[in-house]
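To keep things clear, I will list the structure first and then write my remarks on it.
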Amino acid sequence: MNAQSACEYVGGTQSSGSNPTITISLSEANKTDLSKPDSEKAAYRAYIGLYGILNSNDAATGISVSLSALPSTPSVISFHPNNATFTLLQRELPSNSTVGGLNSGVFIEIQNPLDREGPTASPIDDVYRFDLLATCTPRAGSIIIYTLTVILGDVNDNAPQFSNSNYYLSVNELTPIGVSIVTDIAATDQDSGTNAQFDISIIPGLGGRVDGSQEFGLIQDGTRVYVVVKSTLEFESLTQGQTYYVLEIAAVDRPVDTNQRKTGTATLTVSILDNNDLDPEFLYTGCTTDNPLTIYTNKNDSKGQPQQAMESTNMERFTSAAVDITVEPSNDNAPILSIPFVGYIYENSLNETYITARETNTVEQRNVSMVMVVNIVDVNDNAPQFTPGTYVASVPAATDVDTGLRGRVMYEILRVSNNGLGKFAIVEISGNITVTSTVNAGDKYTIAVKATDLTLPDANRRSNIALVDVEVMSNGNNKAPATDPEGGVYILEYQAATGKIINNGVLDREALSQFTLAITVQDASGLSSTTTLYIAITDINDNAPVFQQSLYIFNVEEGKISEKVGTVKAQDDDTVKNINYKFKDGDFSKFSIGRLNGQIFLNLPLDYETKKLIVNDNSPVISVANAYISVLETEPGTNNSEVVWKVTNVTSNAGSRSKKDLFDIIPNTGQLIVRRPLYSDTDKATQYYATDPEGGVLYFRISNGNRLNFFNIGPNTGKIINNGVLDREALSQFTLAITVQDASGLSSTTTLYITITDINDNAPVFQQSLYIFNVEEGKISEKVGTVKAVDMDENSNGNIQTYSISPFSQSFNLFYINSVTGDIYTSRALDYESQRLHRLLVLASDQASDSRTGTTTVSIYVTDVSDAIPYFPKSSHDIFVPENIVQGTLLLTVTAQDDDTVKNINYKFKDGDFSKFSIGRLNGQIFLNLPLDYETKKLYEFSVTTFEGENASTLDVNDNPPVISVTNAYISVLETEPVSSVIAVLNARDNDQQGTNNSEVLWKVNVQAQDLGVPPLTAVKVLTVEVIRNKAPRFNSSSFLIHVNSSKEPSSSLFTYPATDDDQMAPHNWIMYNITGDDTALDYFTMQGNRLQLKRSPADNPSISVFTVRIRIQDNGSPTLYGDEEAIVTVNVIRGTNSGIFFMKTYYVQLNDIVDNNSATITYSMIGNNNGDQFFNIDINTGQIKTIRKLSTDTTSQFTLLVIASDGGSPPKTANTFVYIKIVRNFHAPEWIQTSFSVTLLDTHSLDDSLNVDLTSSVQDLDVGGNNKAVVFKLVGTGAAVKYFQINESGEISLKRSLQHDTSTNQYLLYITASDLGDPPKVSTGTATVKVTVLHNRAPVLTASTYSTSVNEDKPVGTVVSRLTATDPDVGVAQFGDLTFHLEGFDTASQYFQVNPSSGVLLIKDSLATSGVDQFQVLVRVSDNGKPPLYDEVIIKVRVVRNLYPPEFRQLNYSVTILESEPAGDPVGVTIKVLDRDQSAPNNKVKFTGTSIDDTVDGSSCIRYGNSITKSQQTATVAITVQRNRYSPKFKNLPSTNSIEYNNPLGVVYVVQASDDDPVLAVRVQDGGNPARESIEMLVFTNKYLFILNFVTFSIK
């Protein structure tokens, strides 16, 4: 019999009353959540705890349950069968549990989306807690109705939303750094709890002209957001029309799972306001200034044409003062000023001009004057330009109008369509494109060719891109061409009918000089004969000679005559080589060149020259090379030649500069640069040397670059010193022109580059002076936020070494900081109710030896969570009521208190007899539900609790500190002990209630145990840790002399070497000895421990009398330390001191000459080395050799026996032989303990790097010692494993070729055998298998194959145009999975757009208003970080919308009066004035159409611009009064008869009344934009049919 009844609540304790309450928790869900597999939907269903089986017919357990709404149930909860929010189902109970014999129960599950935040942003429709009515009907029994309270949990499904998408702020350029400016930036998040909290910050930009992420910071203080100035603002440094910065700001919420963070973005535009803070100043070459006025000349104008002097385009802005420029000529050819700021200078005709600039509209009237010297020099302001047109199967030509190296062009292929990247090559100098591999007829390729000039340095180079279309044409006869290894192509055709052999293509002797053909002739019956034909290709002069170098650089000293300058060499591939050299162009009057040998000689004294050489072989084709001849000493004023400099280290006596180690020179520019600091601590100056070939006195001066007077130069010594303290952060490099002059006035000038080296004079500066973070209470090791600091110094001086929290901080013990990243974490649980704000002083120190420290303040606000348990201030209540009190009477109100910020108290009965009473769940009011009967029961006792405190027990008070116990307070640890090694075990015990913060112990580095109670209690234990450090071993003596007899046997010990190691602990004090030389000694000696032993007898080589043995010692510590010096052992060999030995033990002597019959009897004897006669003997009669002792008692591997055979004659005859006996001691083969291994590696794994598979500990050999136990490994098998992997004898597996070449598989199986070094060796019976899994790089994929978007032309720089997303199959693999976006624009696209390399956001780079392009094609490539990187690319089509504004009427009402006699077509005197704010035609061209009030005027003559028309949003009215007599006047009171007196006085006699029946046109104004915009206005006419609208003059006729 069941203990439970059907429909009984068995899920725990629920409130009682008329409708008991069941409380469940669910998570909000969307369609995606509900489409997950059943195993992932546990958060969207809950067990409601009703006993029974749904829809079962069993009388004991069958139940049915239905859900319905209560008045308070939100309207979004649906109970309609077609779209019900919930469903009920029978499911197994978790963890195989049972209730009343049932292993399943009734669950409620969300089946249609349920959003906790409701459909709108208003909190009114939020659904976070609601009640349902659950009616349970058993198969047998009474219906039970429950109140089902659903608590809906929040998920982070809403991103923070800014109140506006764009914010604007104005800041004066003189605003000091650190000033905070309040903004109206605000954002909200519809989620709740931590999901609704967010941080607002600036997204780092790409560093463009208007990127303000480095100039400004944000501080979030509660609901207010402040902008903080981080760096000095300079209005004049901004581009005209773009005097603002654009910041992209992000609001990132704070879910517990950081992977679920969501972000909202907005744009903040900060306009910089100008202030009158600068004097006018002129700029000229070599001057460094921030003043906005620059006068320059336009180098592109022809000689003699006026040159324009104007403001520099990037500083063309004067808002605080107008400037008048006065030009006072100092020669006859004065500049002409036409208007302020604009003048004209004739090229090469003006030397000096005196100019004054003066403010005109300021109080200060600031002015500046200067002498301007105008010298037109070329700058690299032109990129190479491809010749206009489409290139089809031809070579693009690029030109660069710059001069010198800036105008030379180098070509390269960027990419080829149709997988053709490896099929073409391009000649860097000429741009000729060649085919490098087979292509097929009909194939089409598009080649992107990049042309780059050769400006130095590389960063200043300019480039351009052109597309070349290549189509492969058929060779016409459909015969496959033959190819040869040299790349030549030929076609030979055999004509079968005639036997003629003809060539179908051009033969190239240099590619293939001879053919060998097998010619077969066959008759009709099939009989054939074959012969061989040899075809030799004769040479023609079809190859031009080619110089071995395209650029020759020679150096000669000034003043030399008949000096050989150098030799140029050319080669000719033709058989007959006929090369002749000559000069091509340039001034070669001072040189001669050998016609046949290419030797260049100097005929006259030199100046700088550039020679072009020509070489030919009497053929029409020539080859050209450039020779640059550098003169080491020049006369002044020869700076017009292009010279390639080369530093030559010549002594000072030769007239060249010395101290070459101080300076270097850039070969192509002649710029002298400093290689190291110019002075040391004792030498604060550098000396500049020069000599005069005539021996005259030289004078030095700084001729340019010393405007601020930082340096002085000794006029006679050339020594340069600094005048004051130099600040690298203010100015890191100086460029000085050093001029040396002799007494006659001749001079030479060079450039000195001085680079200021860094010292640690700047402390780190935090990006914010105040950081504000929020963190929930009750969490340990919770990340609070991150602080970042920067240091203006360089290298280690500027690198942040560590972040730390000052111990003087108010809450130092509650937080810790990651010393590297600056991340701040809680070190213990915080309590909102105890302290709501914590302040920390955070330090950042740099890495310099004299480290500096910066500070910032961090304010941490603790946010409240519902963790406090409600309590009753009054623990008991006694009340008295009469028995006849009516039902429903309020008896008592109990009140509980909750210390949380958000009060959450729900009352319920706990125990006792409360059957006649009910309690309000939210207010604690207790009512009488049923009548009382004093005679039946006089006293009711029951307790009241809260849902939150129902299971809470007595609160523990933190009154016990922890107690620390440690076995040993003195600890020794090796200095090489690995990180994370356990060096001590400590225990702590806290007698407070277990499982609470009061008893939970938190350990600190200073061996402090602290519990987490309030207040915390602490115990401290002192541990002494001694670090044991390794010391190197040493010999007591470094040289030794010993004597050894030549007869000393191998393995004999000769000497024991004393060495000492001061370490006290193993393995640091284990000393190992090794012989390092010489080579002869290595053959004869070995070390066994500290004993020197012979391994070969000195008797083997009688010629050696002295050995020199070098011995090195090392310990076994980590790292291994070696002795400071080797020990030298001299071994003298003593020879000839021992007596001879007999080789026979028995000797026979015959005493008579009588022949004995025993002459044929043979006897045997033997002599053994290495104690061989102690283990073997020989039978004297049979010669059998037998063992006489166990061989296991000796370790000798081979015995040598001398066997003597003697006959019985007189005298006996003997014969000798050697018998070699090898002892087999290797009994066991190696055995594998582990036979299966696996390892995963990247396909970029370096060759020879170990795979780190431990084989040595996975195999054993049961033999005892020596080579029999030593195991070596071998890789066996065939296939890819052996091809790509290798193993050495010690078992280290490595790659022998790159895995990137094999993409056919990602898994290899390596089979490895183990064998010992015994004699003979034994091999393991089985193999070990190593499974190697290779992670190959796979290309990223853009989520869309095409993109198209549009953008308004007036959008500011930094506007987001499109967002690209890409996926990488290698996500999670750090070496492959990092994606970077690159922009490769067609035409001018790269000038106007840029892409964020990390986010893929396409941004506007430059203003689109003046681009003149209506649609851009932007090629964006996403590549991973593999080696080589793989990529995907897409073309984004961006349409520029230029027609943004409708036309606007400047005047809305017009009126005019005309005569009806006005001729048709004459203007009536009204001109309608219209403004269109669009910036470009035809969008700002306006056309009009006119309509009357009730009729439309024909507008067919209107010309429409663009694809659509934009109408104005206003109406203009023209009232025209026409004076006409269309209708005759009509008398109203005639005829009339009136009588007057004859004497009627003068005056009105009668008023004749008459009337005239004599009467509107609408005008549409329309622009020509795309889309076009228009406006319609009403014109009031006297007669609407007689007027037309002139569409050109905008007048009405």
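Just so it is clear, glycine is given a Cβ too, placed from its N, Cα and C backbone atoms.
These figures come from a predicted structure and were not determined experimentally.
The compositional bias 'Polar residues' annotation in TrEMBL covers 12-22.
If you look up TrEMBL, you'll see 18-162 (among others) marked as domain 'Cadherin'. Over the domain 'Cadherin' (18-162) the predicted model carries a mean pLDDT of 88.
The domain 'Cadherin' annotation in TrEMBL covers 163-282 (among others).
Taken from TrEMBL, the feature domain 'Cadherin' covers 388-547 (among others).
Look at TrEMBL and you will find 548-663 (among others) tagged as domain 'Cadherin'.
Under the heading domain 'Cadherin', TrEMBL lists 690-766 (among others).
The annotation domain 'Cadherin' is assigned in TrEMBL to 767-872 (among others).
According to TrEMBL, the feature domain 'Cadherin' maps to 873-983 (among others).
The domain 'Cadherin' feature in TrEMBL is assigned to 1125-1232 (among others).
Marked as domain 'Cadherin' by TrEMBL: 1233-1342 (among others).
Look at TrEMBL and you will find 1343-1449 (among others) tagged as domain 'Cadherin'.
Marked as region 'Disordered' by TrEMBL: 1-22.
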Problem set entry | the domain 'Cadherin' (873-983), counted residue by residue under DSSP: helix, strand, coil | 0 helix, 32 strand, 79 coil
Exercise. Mind checking how the domain 'Cadherin' (163-282) divides into helix, strand and coil residues in DSSP?
Worked result: 10 helix, 52 strand, 58 coil
Seminar exercise, completed: Residue counts for the domain 'Cadherin' (690-766) under DSSP, helix then strand then coil, are 0 helix, 35 strand, 42 coil
For this session: By DSSP assignment, list the helix, strand and coil residue numbers for the domain 'Cadherin' (1343-1449), in that order.
Result: 4 helix, 47 strand, 56 coil
